[in-house]
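Visitor: Have a look at the structure that comes next, please.
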């Protein structure tokens, strides 16, 4: 049975390369991502061999715990069907225990499984000092692999059965998205052992607790052996092995339950009143704005944007910290980055409507009313964000003189992004995830629009903000009137771009209404 399921798994992996060129390109990109993460992690672990035992333990336990949590949160909501779902094998009458073993082993035959095995076994290089510590590292590494694989399989199956309602998928999807976004900066940071020696010191108490839990025991046991604490090493190794055994038992019990468990039906709540439609004026612009605010609050695709935008600056900040950029300068980075991605996030807003765009087309609404209504939620979020974040950025920098520059650059990228998005979303829509789908699942496209349009919109937004950013940089270096000019130029270019984008996008929307509706029906 194990051999049969492994052959099926390999056949599925081979078939992935027989899809459309763009899907194959996505698979290759994911492979490059996995190789990058693996190389960084292996390099970090190999480098820790000569580091202080305490510091190395902190890094390994922190990174290993992150891997376990990732195994728990990420697999259920990757946006693709689970090829190893036990329920797929229900019609064939396979004995549940044999099926559980086969599916558990087959889970290793995947890109994440290979990365996990390589990284876990690299810890043997980190901790091997003699035959005893080497043996402890090997056993602990195997326990870590089994733990991660079983945690991923159990969470995936439970999610498929218990989290089949829309609201449950949304919440789990947002959590997994956060883990995925944080993975690269976390691995990059772990590659800098000297930096984390100081950075993890305040968390050593928490890491010490994690070392005695199923999350971190397998990663901490070899460090205790190297430190000469045989009792702690044995205890942690026992916790790791017992955890793996209990997870194996849970998996064996879970498979027969999953084979017969029905999907859960989602419930709903009764709503009264008109909601946001009653709060906006009875006008075309007000109706579109009310609808836009409603789906920004309820639609998982937009809620994912709201959750991820505050996290995205971390992706940029961690490498900047590693290359020793001044902390005062770093305080100026998060707000413009968040404003940039917030304005850019609606560059495909029309396609997100899917077939609901027909309401806007058949009603004969003016294009400018449609464009203005769609940007109301973005501005309602972005303006307070800048109003609150700019003083905080100046406070972090340590001088109020940078306040005009921060406002100018942040407002500029926000208004530029919204203006360009108003035009591009009407003129160049490309297939987007449908309402109710996972926000991290992108449909396949037959052309280059799915990569070209967002790239061009993003680059154009940044280019239009460069004059304001350049003046802001001169203000940092020389002071004087440069910050004020940065504010004026940033707001000026932003307002012009916004007005031009709304006007141009409105005309395009009116002219291409039938084409937009046909596009929505095709995709």
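Cβ coordinates are placed from backbone N, Cα and C, and glycine is handled just like the others.
As listed in TrEMBL for this protein:
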type: TRANSMEM; residues: 26-47; note: transmembrane segment
type: TRANSMEM; residues: 59-79; note: transmembrane segment
type: TRANSMEM; residues: 99-120; note: transmembrane segment
type: TRANSMEM; residues: 174-193; note: transmembrane segment
type: TRANSMEM; residues: 205-227; note: transmembrane segment
type: TRANSMEM; residues: 233-254; note: transmembrane segment
type: TRANSMEM; residues: 304-323; note: transmembrane segment
type: TRANSMEM; residues: 329-346; note: transmembrane segment
type: TRANSMEM; residues: 375-399; note: transmembrane segment
type: TRANSMEM; residues: 405-426; note: transmembrane segment
type: TRANSMEM; residues: 447-470; note: transmembrane segment
type: TRANSMEM; residues: 482-503; note: transmembrane segment
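Help me picture these features in the structure, burial and contacts included.
Guide: Sequence-remote contacts of a segment are chain residues at least 6 beyond its ends whose Cβ falls under 8 Å from one of its Cβ atoms, and for the transmembrane segment (99-120) they are 1-2, 4-6, 8-10, 13, 30-31, 34, 37-38, 41-42, 45, 67, 75, 84, 86, 89, 141-142, 144-145, 148-150, 152-153, 248, 251-252, 254-255.
Among residues of the same chain six or more beyond the transmembrane segment (205-227), those with a C-beta under 8 A of the stretch's C-beta atoms are 53-54, 56-58, 60-65, 68-69, 123, 126-127, 129, 132-133, 136-137, 140-141, 143-144, 147, 233, 235-237, 239-240, 243-244.
The list of residues near the transmembrane segment (233-254) in space but at least 6 beyond its ends in sequence, with Cβ under 8 angstroms from a Cβ of it, reads 86, 96-97, 100, 104, 136, 139-140, 143-144, 146-147, 150-151, 153-154, 157-158, 211-214, 217-218, 220-222, 224-225.
Listed by sequence, the residues of this chain that lie at least six past the ends of the transmembrane segment (329-346) yet keep a Cβ under 8 A from its Cβ atoms are 305, 309-310, 312-313, 316-317, 320-321, 374-375, 378, 381-382, 385-386, 389-390, 392-393, 395-397, 402, 406, 409-411, 413-418, 421-422, 425, 454, 457-458, 461-462, 465, 469, 476.
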Visitor: Apart from its near flanks, which chain residues at least 6 from the ends of the transmembrane segment (405-426) lie with a Cβ under 8 angstroms of it?
Guide: 332, 335-336, 339-340, 342-351, 367, 371, 374-375, 378-379, 382, 386, 389-390, 393-394, 453, 456-457, 460-462, 464-465, 468-469, 471-472, 475-476, 482-483, 486-491, 493-495, 497-502, 504-506, 508-509, 512, 516
